[in-house]
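Engineer: Take a look at what TrEMBL says about it:
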type	residues	note
DOMAIN	49-224	domain 'Glycosyltransferase 61 catalytic'
REPEAT	351-384	repeat 'TPR'
REPEAT	455-488	repeat 'TPR'
REPEAT	560-593	repeat 'TPR'
REPEAT	594-627	repeat 'TPR'
REPEAT	628-661	repeat 'TPR'
REPEAT	664-697	repeat 'TPR'
REPEAT	698-731	repeat 'TPR'
REPEAT	732-765	repeat 'TPR'
REPEAT	872-905	repeat 'TPR'
REPEAT	906-939	repeat 'TPR'
REPEAT	1133-1166	repeat 'TPR'
REPEAT	1167-1200	repeat 'TPR'
Amino acid sequence: MSQFYPTPLPGCKNYDWSQHQVFSLDELPPLKVIQGRVAVLSGLSGNVYFHWMVDILPRIKILQENGIDLNTIDGFLINSNQQRFQRETLEKIGIPADKIIESDQVSYLQASSLIVPSYPASVGWVVPNTIKFLRSLFLTDVLDKKQSYPKRIYISRNQARYRRVLNEAEILEYLNQWGFVSIELETLTVQEQADLFSQAEVIIAPHGAGLTNLVFCQANTVVVELVSPHYIRPYYWLISQQLGLKHYSIQGEALGCSFLRQLMYPTPLVEDLQINVKSLETLLQVSDILKETVKSNHSSCDTRPMISSSNLDVTPLENGLQKAKEHLTQKNFEEAILACQKVLKIDLNCAEAYTILGNALQLQGNFEQAQASYQKAIQLQPNLPEPLGNLGSLYAKQQQWELAVESYQKALKYKPDSEKLYQNLAKVLTKLNRTVEATECWYHAYQLQPDLVSAQEQLNLGKTLLSQEKIEFAIACFRQALKQEPNWEEAQLTLEKAQQQSIQSQEIFNSNTKPCRDAVCSTGNETEILKQAEQDLNDQLFKKAITQCQQVIAQSPNQGKAYEILGKAFNQLGRLDLAIKAYRKLVKLQPQNAIAYTNLGNLYAKQQQWKWAVLAYKKAIALNPNLAVAYRNLAQVLNRTGKQDIAIEYWYQGFSLKPEAVKPKEHLALGSLFLHRGRLVDAAICYRRAIWFDPNYAEAHHNLGEVLAAQGQWDEAIAHYQQALQINPKAFETYNSLGKAFVVQGRWQEVLSCYHQALEVNPRLLMALQNLTQALIHNHQALQESQTLNPILQMLAGTFLSGQVGMYPSVPRRELQNSDIGETWTTTAVSVSESLTESSQYQQAQKLFEQGQYHDCIDNCEQLLISSPQEVAVYWLLGKAWVALGNGEKAKHCYQQGIKLQPQQAEGYLRMGEVYIQEGNWKTAIACYQKAIQFQPSAFTYQQLSYGWQALGHRDNAEDCLYEALRLEPEKVSVQDCLQLGDALWQRGQRTQGMICYGQALVRDPHRAIRHPQLGERLQQPQSEEHKTLSLSLTNPTVAVYKGKGNEKYAATHKPSPELVEQNQAKLLEQADQYLKLAQWQACIEVCRQVIVQEPQQTKAYRLMAQALQGQGQIALAQQIYQQLRQLQPEDAEVHEILGDIYAEQKQWEDAIQSYQKTVQLNPNLISVQEALGDIWLDQGQPEKAIACYQQVLQKSPELWEVHHKLGDVLWQQGEVEAAVEAYQQAAGLSVAKI
């Protein structure tokens, strides 16, 4: 983090980027490493009050709005913490000083996780959300302040280093006559400044950070800003515009000698002011500021008199509202908006008009304006359910879930009989994983409209409610189901079960709902009372137990046992706050009680107060280093907070102290964590523990074998592999590992036996086949060829050529007979229950997905899962929708849930692999595809594996997987891939497999195959009789071509028709497009190359290839391809635009300008390109051309406030002050309307 300005200050010219101070550093400062999460908040001029308040602090609010708990952040990186206002505001927000990291001191930092929130807007640009945030911090109880402040104030910069008023004494002498009080804000706290400005009626101040406090002013406050003639900025005027303040400005007098001014003030930013008192007096008189009625009822933006409600004509108002509703019903949104605007001219305070206006704007997609309309309606009439509910829906669309919940709950307060509101609230609560509350909302929705809910849906909801112990609600659902289907046996049985549970829990319920003060107090000594309390606790009579403990505490306030039972009882009742209070008292009384600290940590963890939970567990461990449960629970909390490396150490300690308390699968899981980190010794210990407690744990034996093999302990590794196979004889991965171990020891007979067994378990196991071939190569000298080599070669050929003509015929595979070649998921069958196929909601969800309405599809799926949580097909569909929206984490969660329900279905693993590929996580994707192959091998899956291994640089594995894909579904592997794979296998010495690949290429596309430079030579090489027979069976039709005999005749008779070439290209391009969508860049590139070889003018192939190269980060190559595409399509604006972007990214400005100019020439409506062109002209020091570009943009899209802002900056730099102010006004007005 550099302390220096990254850009020139306003008014600075001849700024040389290369002279930035950062380039003068001899070396980087020392690196500070933090094990934890750090939020990066440092920003431009973060030590200045204005930038601190409007740029830095709101970023903390952005963190909170995005669901980040500030308590989970270990450090906050800010510029410095030296200023009093910085410390005060951070304390107000609740950030402790010990979490502050100053970037002025620590500029080079590394953390486990860096969180960098956006700025609320452009630097220094104050937006409504910022104002709202600051006012919520400091004006919460301003009306209750007892201290009063002066109404008319003058802000002095007497203590400032620059921009002081040179004739301030003269100014104050005049203002004192009118009751103005001079204030030096440096002497006040931020809270005092907020109170001062909130009560002020007239404020006069020189331009400076103190005017940031205008955010705390009340409407119609008068502001007079004193400014330099050479430094005019719109920051504070913009605040006034948004709050309805009356803002005036007076320019100071310019220093006549420009040379002297440059000498005194190198930048206008620091120029002092000389204010003409006569000008100030004239302004105050002309604007009527000094009249007694300083505050009027109308703002400076609207001078029309207010219309009282008594003067309103009701009939036009009602007619206007009726017209607006009709237009909205007919989807005439523009007419509806105009009708609402007419109504608001009659009555500016008509909440219903704002509501209809919001509906029209929302349906148009203008969400920000719609939100403002709803908020205005709510402000005028807080008890209107419609704007509250619609605002909730708007928040939901923007994924602001908490705000949506708040709006829906308020709407239900005023309209508790709205089924739709309950449904919408249920959906949002589901998004927040608040499933219990969501289920209750669905219950209320069903009860309001029971006739619209099927008996099956009532039954499913009842079961969910019963599992959540909401027995009475469940009974009501079962009765509704039986009302529709009186003879439904399943519903009758579940109703009986629920009624029995209700009777059984009634006694406990009555006891625990009785007030503690009504419980009968026990008589006897403390020991007997506490014994009874403990018995009540065990009997789940929690309220009785609490009463007993309170009785003891009343007599003996320091009785620790009473607090222990009290804490446990409150915990069982869900009163975690009271439970924590009881345990805190207990540890105070018994500071050496490690168990108490552990339980206190558990309570903090339940509340997700991770920091306090960690402290409690560490205290317990310090008191009792042998307390295993404290180590285990601490590890879980650390893992939840993203500190897995530390968590592993605590898990290991806890598991070692009391290994018998840990399940074998947990020992196995910890061992795998160690194995992934290369800690083989620790991994072996964990696996041995798993085996000790479960000697028949096959997976533990296998994993221990892997560790021992990695350590070179082959004999022991073999013993554990063999033990694993005795337990699970079908574990072909273990056969493969055992075979590799035998290979290392040269035990070839056992290698053959091992891999033959593997093939019997899974004949399609490619690894076993390849390893078997290697074993044969080593072993064929020692074995008689007639007994082994020939049968095995026949087996290999039969396995690899199933479905091919020739000497090894076989029956086509069933899955190929029943599938379409063009489908991606040809081998996957989704299990859909009969009730689900009949569900109209599931059918609707599928339809919505096909139409691209993914959010609505998700809503339907989540509703289905409330009533049918076991339907795996719904999880697959829900995951696909999240993938389409780019949310990989939620997609993975859905697929994981589906896998839990049906762990032996390939679908989930395939789709998980797809998500990991999009994330670039090839290792995990490979694991997913390998798992899918266990249950349902397919060419597609093996191809995905091949791309994965290729991306990781494991060439042999990639080739093996592609070969398996060829064997399974040869038509799915391109001819080019067949040839390349043949070359690779030939070079590896696997000539039989190489010949198979060449044969596939020759059969499918002989013309391309015969152009292969080595194929003819390799076909002619001496081979064994078996090899010759195998080769000829595949390649006989084309051998004559290489012998130089009959070439012309063959070429003439086998030349493909143009129609076939075109169809082949279309299929290949479709395949390339699919690879591109799956982020399989290299595969896409290879397919495109094949197309271009066939048809050098195929523009779509160039485009797809260039996009794939960009995805790989090969920008230079992508640029070359786009240049070729430009030659083929010189009139394609998009190609010129993309080239312009690439040139700009590489700072090739002249080329970028030419490309952008050509783009807008071809398509003048591409305003984003025109804007980018303006930005480049500005960077190149040609402001006139930049102005022209921005003006052309605004002619087509005058609503772009950011472009108005840019235009204002350029105009101001050019000295066109009036035009700049006009541009700033346009920007301010549009940004307010937008936000």
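Just so you know, glycine gets a Cβ as well, placed from its N, Cα and C.
Those TrEMBL annotations? Automatic predictions, nothing curated.
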Engineer: Can you break down the repeat 'TPR' (1133-1166) into helix, strand and coil residue counts using DSSP?
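Structural biologist: For that range the per-state counts are 27 helix, 0 strand, 7 coil.
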Engineer: Any residues 6+ beyond the ends of the repeat 'TPR' (560-593) with a Cβ under 8 Å from its own?
Structural biologist: 512, 530, 533-534, 537, 540, 542-543, 545-546, 548-550, 552-553, 599-600, 603-604, 606-607, 623
Engineer: What are the helix, strand and coil residue counts for the repeat 'TPR' (351-384) according to DSSP?
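Structural biologist: When I sort the residues of the repeat 'TPR' (351-384) into the three classes, I find 28 helix, 0 strand, 6 coil.
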Engineer: Under 8 Å between C-beta atoms and at least six residues away from its ends: which parts of the chain pack against the repeat 'TPR' (664-697)?
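Structural biologist: Sequence-distant neighbours of the repeat 'TPR' (664-697): 644, 648, 651-652, 655, 703-704, 706-708, 710-711, 727.
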Engineer: Should anything in the same chain at least six residues away from the repeat 'TPR' (698-731) have a Cβ under 8 Å from its Cβ atoms, list it; otherwise answer none.
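Structural biologist: For the repeat 'TPR' (698-731), the far contacts come to 664, 667-668, 671-672, 675, 680, 683-684, 687-688, 690-691, 737-738, 740-742, 744-745, 761.
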Engineer: When the repeat 'TPR' (560-593) is classified with DSSP, how many of its residues are helical, how many are strand and how many are coil?
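Structural biologist: Residue counts in helix, strand and coil order: 27 helix, 0 strand, 7 coil.
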Engineer: For the repeat 'TPR' (628-661), how many residues does DSSP put in helix, in strand and in coil?
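Structural biologist: The counts are 30 helix, 0 strand, 4 coil.
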Engineer: From the DSSP assignment alone, can you count helix, strand and coil residues within the repeat 'TPR' (455-488)?
Structural biologist: 27 helix, 0 strand, 7 coil
